[in-house]
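What TrEMBL says about this protein:
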type	residues	note
COMPBIAS	14-31	compositional bias 'Polar residues'
COMPBIAS	32-48	compositional bias 'Basic and acidic residues'
COMPBIAS	49-66	compositional bias 'Polar residues'
DOMAIN	351-407	domain 'MIR'
DOMAIN	417-473	domain 'MIR'
DOMAIN	478-535	domain 'MIR'
REGION	14-66	region 'Disordered'
TRANSMEM	175-199	transmembrane segment
TRANSMEM	211-230	transmembrane segment
TRANSMEM	242-270	transmembrane segment
TRANSMEM	300-321	transmembrane segment
TRANSMEM	610-637	transmembrane segment
TRANSMEM	649-668	transmembrane segment
TRANSMEM	680-701	transmembrane segment
TRANSMEM	713-733	transmembrane segment
Amino acid sequence: MHYVTYGISDESSMLRNRRGQMNTGEQSPVSTHHESTQENTEDDRLSEGDSQSLNGTSAQHDQGIYSPNNEAQSTAFFLLVVLLSFSTRLYKIMEPPHVCWDETHFGKMGSYYINRTFFFDVHPPLGKMLIGLAGYMTGYDGTYPFLKPGDKYEHHNYWGMRGFCASLGSCLPPFAYLTVLELSQSPTAALITAAVLAFDTGCITISQYILLDPILMFFIMGAVLSMVKFNRQRYRPFSAPWWFWLVLTGVNLSGALGVKFVGLFVILLVGMNTARDLWSLLGDLHLSLMDFGKHLLSRVFGLILLPLFLYVTIFAVHFVVLNKSGPGDGFFSSAFQSRLIGNNLHNASMPEYLAYGSIITVKNLRIAGGYLHSHWHLYPEGVGAKQQQVTAYLHKDYNNMWLVHRSNDSDAQSGEPDLVRHGDIIRLEHKETTRNLHSHLHEAPLTKKHFQVTGYGINGTGDPNDLWQVEVCGGRKGDLVKVLRSKVRFLHRATGCVLYSSGKTLPKWGWEQVEITCSPYLKETPNSQWNIEDHINTKLPNISLSVLKPHFLEILLESHIVMIRGNSGLKPKDNEMNSKPWHWPINYQGLRFSGVNETEYRVYLLGNPVIWWLNLVSLGLYVVMVAVASLALHRGVQLDKRRIEHCRVLMEGGGLLLLGWLLHYVPFYTMGRILYYHHYFPAMLFSSMLTGITLDTLLQSADLWLRPPYSHWLLRGGQAMLFLAILESFYMFHPLSYGMRGPLAHDPDSTMAGLKWMDSWEF
C-alpha cells in the first residue's frame with residue numbers, strides 16, 4: 001500500500017522497517033512493485049517516466065538523515081530551541097507591573113471565572129477559563145478590577161496568568177521545529193524556522209501578556225504537529241502511535257475552536273488533509289472496502305465526534321462555573337437570565353399578565369437586540385426631529401423602565417387593574433423622563449425607509465403619534481399578554497409601522513447603543529418581536545418564574561448566536577485605527593501595548609522587520625522554486641535522488657504550509673468586522689515554517705552554481721549569515737518587546753534611534 005497526503009511520506013521509515021524485516025525473515029507490507037522500483041534507482045537518476053510519477057509516489061529520503069550523528073544533532077538543536085524559546089518569553093515577564101492593552105479585557109474575564117460571575121464575550125470560553133484557572137492556581141483572588149490600560153497591579157498576583165500565556169507561547173518554536181523536521185527531514189530547515197519564531201519580537205510580545213493569542217496559537221500548532229505526526233504513521237494503521245496522534249489532533253482542534261472562532265481555519269486545513277488521505281486510501285486496490293470503512297470511521301471519531309464532544313463540554317463547564325448574574329446578562333434572553341443567581345428573574349415571582357398601570361421593561365427577541373431604552377439626550381441636528389432619543393440598550397438600566405397607560409389616560413386608580421389584551425391601544429411613558437414612546441414620518445437615523453422613534457411630550461401628555469396597538473404573535477383579539485412568555489409586537493396607529501430593533505450601532509451621539517426604528521415592513525421577525533421582562537404591579541398576584549429555565553442545548557445555541565452577532569457587530573468606531581490585511585505581511589504598522597511618551601514604560605507590538613520581510617521574500621521564492629521544479633519534472637530533466645527529495649519536500653511539505661498560510665490569512669479580506677494587526681500571527685506561524693523549508697532547500701542547492709568545495713563554503717556561509725542576521729536584528733529591536741523608557745525613536749539618544757524604518761511605526 002503506497003499513497004501520498006499533504007504530509008511528508010514515510011519512505012525512510014519504510015526503509016528502516018525493511019532492513020529489520022530482512023534480518024528477521026519477515027515480508028514487507030509494501031508492494032513488490034515499489035521494491036523493484038527502489039532497487040532500480042541505484043544510479044541516482046530519474047527517468048522521464050519516474051519524474052512524472054512524483055505526484056503519485058514519494059522519493060526516498062536521504063539515508064544520512066537517520067544516521068546517529070544527525071539524530072544527535074536534531075536532539076541537540078531541539079533542546080537549544082526549547083531553551084531559547086522559554087528564556088526569550090519568560091524574560092522580564094513581570095514588567096511592566098501595570099495593565100497592558102487587552103489585559104484589561106481578558107484579565108477581567110479571568111477574574112469573572114474566579115468569582116463565578118456571568119459575562120459576555122464574542123469568543124468561545126476556553127481561553128478565558130484557562131487564564132482564570134492559571135490565576136486561581138497561582139494565588140490570584142479575582143479582586144483586581146482591570147479597569148483600563150496603565151492601572152498598576154500593586155499587591156495583586158498577576159504573574160501566574162502572564163506566565164501561563166508565556167509558557168504556551170514558548171511552545172510555538174519547539175512545535176514548529178518538530179513540524180518542519182517531520183516535513184523536510186532537515187534539522188537545518190527546522191532550526192531556521194525555530195530561530196525565526198524564537199527571535200521574532202512580535203511573537204515574544206504577544207506571548208508575554210494576558211491574552212488569548214498565545215493560547216490560540218498553541219492549539220493551532222499542536223493540531224498541525226499532531227496531524228503531521230499522524231501522517232507519518234500511515235504505514236502502521238490502528239497502532240497505538242497512530243491512534244495517539246489522531247486523537248491528539250482532534251483534542252487540539254477542539255482547543256483551537258474553543259479559544260477563538262478562527263480555529264475553524266486549522267480545522268479546514270486538517271479536513272482537507274484528511275480528505276486527500278482518504279481519497280488515496282480509496283484508490284489503493286490492496287485495501288478492502290471493509291478496511292477503508294474502518295479508516296473512515298476512525299477519522300470521523302477522532303476528528304469530528306471527539307472534538308465536537310470536547311467543544312460542547314467546554315461550554316458545559318462554562319455555564320456551570322458562571323452561575324451568578326453579571327454584566328453579560330442583558331445580551332441574552334429572559335429565559336437564559338432566569339438561570340443566573342442574583343438576576344432579578346432567578347427564582348423570581350411577578351404578575352403573570354400585563355396590566356395597565358404596570359412598570360415594565362421591554363426586551364427585543366432578536367439575540368442581543370437589547371431593551372427598549374430612552375434618556376435625556378436628543379437626536380442631533382439633521383437626524384430626524386430633534387426630540388429625545390429612543391434606543392435599545394444591552395444592559396439592565398433604570399432608563400429601561402416604562403409605564404403602561406390606556407390611550408385615553410383613564411387608568412384604573414382603585415381595585416384590581418384591567419389587563420392588557422391583544423388589539424388594545426396603549427401609550428408607553430418613559431418612567432425617568434415622563435416622555436411618551438413616539439414615532440412619525442421622519443427617516444430613521446441609520447436604516448433607510450424606516451421611520452424615526454423618539455420620546456415626545458411631557459408628564460405623559462403628547463399627541464396621537466404616541467399611540468401603539470398591542471399584537472400578541474399568533475394570538476386573537478382579547479388574548480391576554482403573558483409576561484416573559486408572549487411574543488408581542490407594537491404597531492404604530494398613525495403610520496401603520498411596527499416597533500423594530502435594527503441591530504445597527506448608533507454613532508457616539510447615540511452612545512453607541514442600538515438603533516430603534518418603526519418599520520413599514522410588517523412581516524414577523526425577531527427584530528419586531530418583544531417580550532415583557534420586568535413587571536411591577538403591586539395590585540396583582542405574583543407567580544413563580546422557575547418554569548422558564550431553558551435546557552442546555554437551548555442556551556448553547558443562544559450563546560453561539562450571540563457570539564456570532566457580536567463578532568459581526570465589531571465595526572470601527574469614529575477615529576479608531578482599523579488595520580488592513582495587506583498591512584500585515586509587510587509589517588506596516590504595529591500596536592501600542594503600553595506607554596506613549598518619554599516618561600512612560602513603552603512596549604510596542606511589531607514583528608522583527610528583518611524576519612517578517614524575510615518571510616515575505618521566502619513566499620515569493622517558494623512560488624518560483626516550485627514552478628521551476630515542476631517544469632523540470634514535466635520536461636523530464638534528469639535529476640539525482642537528492643534533488644528529487646528537494647522537489648518532494650517543496651511540493652508536499654511546503655504545499656501544506658502554504659495552504660495553512662492562505663487559510664489563516666486570505667479569509668480576513670472578506671470580513672466586515674474591525675481587524676487588528678495581531679490577527680495575522682497564526683498565519684505568520686505557517687509563513688515562518690515555509691521560510692525554513694524554502695531557504696534550506698535554496699542553500700542546499702548551492703552545488704547547482706558552484707563546484708565543491710566552493711558550493712560547501714557557500715552553503716555554510718549562507719547559513720551563518722542567515723542566523724547572524726536573525727540574531728543581530730533581534731538585538732536591534734528587542735526593546736520593543738522588553739520595554740523602553742526615555743527619548744522616542746526620532747531622538748538621537750533613543751535606544752531605537754535610526755530604527756524607525758517606516759513612518760507608520762509608532763515607537
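Cβ coordinates are placed from backbone N, Cα and C, and glycine is handled just like the others.
Bear in mind that TrEMBL entries carry predicted annotations, made automatically and left uncurated.
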Proximity verdict for the transmembrane segment (680-701) and the transmembrane segment (211-230), three or more C-beta pairs under 8 Å: yes
Intrachain neighbours beyond the transmembrane segment (610-637), with Cβ under 8 angstroms and 6 or more residues off its ends: 47-48, 51-52, 54, 196, 199-200, 202, 585-587, 646-647, 650-651, 654-655, 658, 661, 684, 687-688, 690-691, 693-695, 697-698, 725-726, 728-729
Selection from 211-230, 300-321, 649-668, the stretch that has most Cβ pairs under 8 A to the transmembrane segment (175-199): 211-230
PLDDT averaged over every residue in the domain 'MIR' (351-407): 92
DSSP-derived helix, strand and coil totals, residue by residue, for the domain 'MIR' (351-407): 3 helix, 28 strand, 26 coil
